[in-house]
Structures are given as structure tokens and as C-alpha cells.
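Since the structure comes first, as C-alpha cells, the remarks are kept for the end.
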Ligand SMILES: Nc1ncnc2c1ncn2[C@@H]1O[C@H](COP(=O)(O)OP(=O)(O)OP(=O)(O)O)[C@@H](O)[C@H]1O
């Protein structure tokens, strides 16, 4: 790497010229935005003027609807463009600060040399006939990430373009002033990367476009794989690559796809808020984001008390060593597996001949359609039909039956009694409704008998509305009983069923009866329900990303996959951070075996987050961490602190954290084994350190001193980390090791570890010299 002082002025001059173009584009953009804003205000004001409102006849109503729809589409299209203008303006603001970060001089075979400048977005000259800056996602820009000076090529939709790079240069620009300029080799600006990684951690993830590494670029630009598995060590840039990949796909398919068609499953909401700013920073709309738990809650929260994955983890961590956990673990492992899904498929076959459970349909406390009749109807349907089709026919049949019920009810006394009690407003509403439906005119309404009949009809209808809704929502199926049926002794056993199946079954039935659903039952329950109700799949999502993929069970993955049949999947994770209970005998969904050979696997083995001393230390916490490489960034050795008495723990933490604050670190975490332990730590030092206890996942990530369990810190990083009690029993087995590794790898710059007794602990395996 050399400084190129003589060319400094030339480059600074070019930056100044490009900035002038940016300035002009910004002005032009603002003018268009202003006129668009005027259009929008106008459209809003006159919305109803251009709509023909007429409900006289069905045809008129349809026309009215179409006209409203057209008008509102016009408005939202303008509003979208307006939003796009502001995003573009922000992008230009950022480009004004730093128009580009890289340059390659490329000579295509047989063509003249071109200097290609690369930035966060493309920019053309005034005449719009020449690129002053290429978007980092443009095909030609890929060479910047993939090649050192010498022969190079890039792929375009038309084919491969070959040639040679004779210069590769990196710029650091602030406020339009050149601050650094380096001619670089293959690794993009070691020194720039050093600088970026040396910065403070922040409560918002940053984009890495200026320093994407070759192996990360391969992930970001992969287009051929239906299923991409990324196994990357802690801090290797998996989440960063995922975010840049979303931005890349949005650029690559900008004509066919928008951000709503990309979905990221994140591990928790704290993580969601952490990554939320990356795409807007790149001038793109953010993709959809959700946690799997949010989806499950939406579906099942009304019916069950749902255990959260954190509660599951907390309870399994607490049970560790008590002897209770092996039976529970067996249950979790089996219910998380593809075998259990197969078992449900077998069960569904059985249900097509017998065993379905229905609910009595009751109205005003009286059984009107008994469950046995529903069952009878169900089982006389053609057994070759799918369960979901049959259930739908039952639904239609029930709606028909309700019509009879309705007629019978109208003949009873109660509607008349209720009609007499109708308030004036209700009466008027009923009148208007009837008028709308053309059921009468003023003359007929004066006809007392007709009026009474119509009112009774409306009253019965209204009272039956909730019943109709329940039927529409398949509540006539006794889902919880159907699920219980899976655990009945009469249901044939399948291979791979755990030894303690009868205990597991008993326990499951008890839970369901108590209306409590542990995590391991939630996805199977939903799967069974979907198979019966024929839930619609989502075909609009084109790309699904699952970060921290090692924490999803095989069952969850298969379920998600079926939910998005048109999507390509990118799974990113780290087997060494698999801290949830359902990782199956060391396998996670990142293993190719789980995917019938249809997956492409990529590995990232270099860690960028932590300093070299921290990476060297943390890799020894793993049995097979030898292949983990550290990015060359200096720092202090991790510090191990022996503490025995509680008072000593307190003093040490306060002393260490205050030191870290004095050193200027802003995000400091005290990481604990469980929430229970976090509360203890908070009791001990929370006040003195003005720390925040993170006790639920919905708390947003913020700077300052945070006290939290390791599992909440997944995917996130801190300037400085203190591990509360590294020699506690829970960390000493194979799973505990992974938790301790996850905890220590959250640290970017400083790592402090408190311990009680080092002998026989994992810490004793770390070579002396890697810590002080
Ligand atoms: N090419 C890069 N340029 C600059 N910074 C990078 C690069 N790759 C990774 N980083 C930085 O390294 C840190 C870790 O990245 P990231 O969180 O994406 O890793 P991860 O593999 O998802 O980690 P984990 O599995 O531990 O959660 C972040 O601060 C990120 O900005």
C-alpha cells in the first residue's frame, strides 16, 4: 500500500467537480419533489371531485368502487414517488459528503482503459451520457471486491467481460475533502478496514459497502442458489452480508421486485432495531422484518398461554444438572425434528378415516348442530379428497345449516322482545340498513307486519354474526383435542420416537388441557392446524433471510419453507453459537444433510468484529475453533478476574466498568448466563453504574451500560464486554461452552471475564499468554 501524493490534487479536483453535479441533481430533485408535493395536496383536496359516487344499482356501486380505487392508487403512487424523492435526496446528501470510496482502472480486452469510480449509488454527468460514479452493485463494480491489479473479469447478463485492472484505489473522504488515498491489493484497504473496525460500536448497524471482502461479496451477489447456507464464525460479517445482499437484490431486480417482497426473520426485536437503519442508509426501503415468535403469537396467542423461546431457554438453563432436563430435552429434540413432522403427516392420514374432533355449534346456549352430526357429515365425504378440502365443505355445509337455524330463531319470541328494547339509534341503523338493501320503501315500512319481520331478521342476523365468524375461522374443529390425539396411545408409534414417549405424551396432554403451549409444540400445532384448515401460503415473498439460523429447529425451518413456496432462502448462522435446546446432536439447519443436497454452502472463517487478542482467546473456548482466523487488529489481551466473595464481585465490576467508561467506550455489556443471574448482577451494581437491565426482548438497543442474559445479545456487539461468572456450572459442558463463546465474541475492543474457580473449567484450557 502506498500513498500517492502527486495524484492527490487530481483526485481532490475530481471530487469537487462531482460534488457540483451532485449539488445540481439535488436542486433538480427538490424542484420535482415540490411540484409532486403540490400534486399530492391537490389530489387529496380534490379526491372526491374525480370520483363518481353512485350506489343505486349494483353496476353503479362497482363503478364507484373502481373509481375510488383508481383515485387512491394514483394518490399512493404519487406518495410513493415522493418518498422515493426524499430517499434519493438523503443518498445525494451522503454522496456529497463522500461521492465514492473506490476506483479501479480497467482495460477491457480490445477497448480503451476506463477509470471506474465506485460509490453507494450511481451518478451520471450532466449530459447523462457518462457514469461519474458506478453503484457498488453494478456488475462492473464487482471487480473492485474480487480482484487485485492484474487479469480480471466480471459477469453481465450478456456474458463475461474480461480484461485487466492496473490500478485499484481507495478513498476516505469527509465533507467533500479527501482525507486518505491508498492504492490497494486484494484485501480491500486493510488500513481502512482497520479504521472502520477500530471505531466505537453503535446501537445501529453500519453498512460495509466500502470494505466488503471477497468471500462476503460472493454471498452478497449469489443469484444462482435456491438455498444458500452461510456458516460463518462469530463476527465474520454474516448479518452485514445479509443486509448488503438485500440491497444488492433490490438493485439487481429493481424492475421486478420491491422491498416488501423480501423478508428477514431476525432472532429478536432488539436485533431488529439494531439492523433497521442499514438499508435506509443505502438509499433503499427496508425489507419486511419479523421474528418467528411474532408470527406464532399472532396465530395462537388468543387460544394459548405461549411459552417464549427465551422462557424455554431460561427454564432449560435453570433445570440443567437437576436430572429433570434429560426428559424435557428428549421431548424438545423430537418435537423439533423432521421425524415429528412425518409423524403428523401419518396422523393426518389416520384422521382422514377417523379421529377428527368437532365442537357442538351452539346458539344462545343451545346446541343447534351437534358435533356428532358434523363428524358424520365429514366422514361421509369422499375420502380421496384432501383434509383441507373436506374441512372447507364442512364449513359451507355449516353455513347452510345456519340458515335453517336462523329461520327457526326468527319464529321465536326473543327477537320480538329484543326488537322492543332496541334503542332509537339501533332502530334507525336497522332502518338505514334495510333501506340500503332495498328491502322496503317508506310505504312498506309503515306496514307494521313487514317492519317487524325485517327487524327480527336483522336482530337474529346480528346475534348470529359472531357464530358465523367462528365458523369462518374453523372454530368448529376442536383443534386442541385433535392435537392431543397425536399423543394418544392408540396412535401408532413411529421409528425414532424417544424412549420416554409415554411420559412426553402425558405431559403434552396436560399442557394442552391447561391451555399452555411450550415452544416445541407451537410449530407442530400450527402445522397440523394449517393442514386441516388449508392455510394460504405467501407467494409474493421472493427472498427469505433467516439470521442466527442455527437457532431454528428443523421443523420450524420446514414450516417456514412451506409458508413461502416462491422464495429463495438465505440461511446465515454459526454452529458454534447454537444455544437453543433443539440443536439435534450437533446438527443445525445450516448442515447440508438437512436439505437433501439442494443447498449451496458458503463459509466465512475470518472474524472482523473483535481485536486479534480477543479472537485468539475466544477460539480456544471451542473444541474445534482452530480454523477461526482473526482480522489483524491490535488490542489489549482479555482480562480474567478472580473473585470469590459477593462484595469482591461488586467492587471488581464497578472498577472495571468505570475504567472502560473512562477509556471512552460507549456500549458496555455485562453478560450473564440467565435472566435470573442478570437480575442478581443488576441488584449488585445496577444503581452505581446507572445500568439498564434488559429483561425483555422488546427493549430497544441503546448505548450505556447494559446488563443482560447472553441469549438477548445474539447478533449484537458492544465496545466492551464483561462476562459475569464464566466458571459457573452451566458453562462447563458442550452447550455451555457455546454460550460462553457467544458471550465473549460480542466484544469489539475489550473483554473482561470474572471467574470463581479456574481449575477444571473451560477457562483452564486456554493457553496462558492469551490473557492476563
Ligand atoms: N467487510 C467488512 N467491512 C467492515 N466491517 C465489517 C466487515 N465485515 C464485518 N464487519 C464488521 O464486523 C462486525 C460483525 O459483523 P456482523 O455482525 O455482520 O457479523 P456476524 O457474523 O453476523 O456476527 P455474529 O454471528 O457474532 O452475530 C460488525 O461490526 C461489522 O460492521
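The backbone N, Cα and C atoms fix where each Cβ goes, and this holds for glycine too.
Straight from TrEMBL, the features:
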BINDING   232, 233, 234, 235, 236, 237, 238, 239  ATP binding site
DOMAIN    211-611  domain 'UvrD-like helicase ATP-binding'
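Features as recorded by TrEMBL, highlighted on the structure.
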residue: 232; record: ATP binding site; Cβ contacts under 8 Å, 6 or more apart: 238, 241, 572, 573, 574, 603, 604, 605
residue: 233; record: ATP binding site; Cβ contacts under 8 Å, 6 or more apart: 574, 576, 604, 605, 606, 607, 628
residue: 234; record: ATP binding site; Cβ contacts under 8 Å, 6 or more apart: 574, 576, 577, 607, 609, 610, 618, 741, 742, 745
residue: 235; record: ATP binding site; Cβ contacts under 8 Å, 6 or more apart: 607, 608, 609, 610, 615, 717, 745
residue: 236; record: ATP binding site; Cβ contacts under 8 Å, 6 or more apart: 574, 604, 605, 606, 607, 608
residue: 237; record: ATP binding site; Cβ contacts under 8 Å, 6 or more apart: 208, 213, 216, 604, 608
residue: 239; record: ATP binding site; Cβ contacts under 8 Å, 6 or more apart: 205, 275, 547, 572, 715
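A simple way to gauge crowding: the CB of residue 238 (ATP binding site) has 25 other CB atoms within 10 angstroms, across all the protein chains here. Taking the mean position of the Cβ atoms of 232, 233, 234, 235, 236, 237, 238, 239 as the ATP site, the remaining same-chain residues with a Cβ inside 8 Å of that point are 240, 574, 604, 607, 608, 609. Mean pLDDT for the domain 'UvrD-like helicase ATP-binding' (211-611) in the predicted structure: 87.
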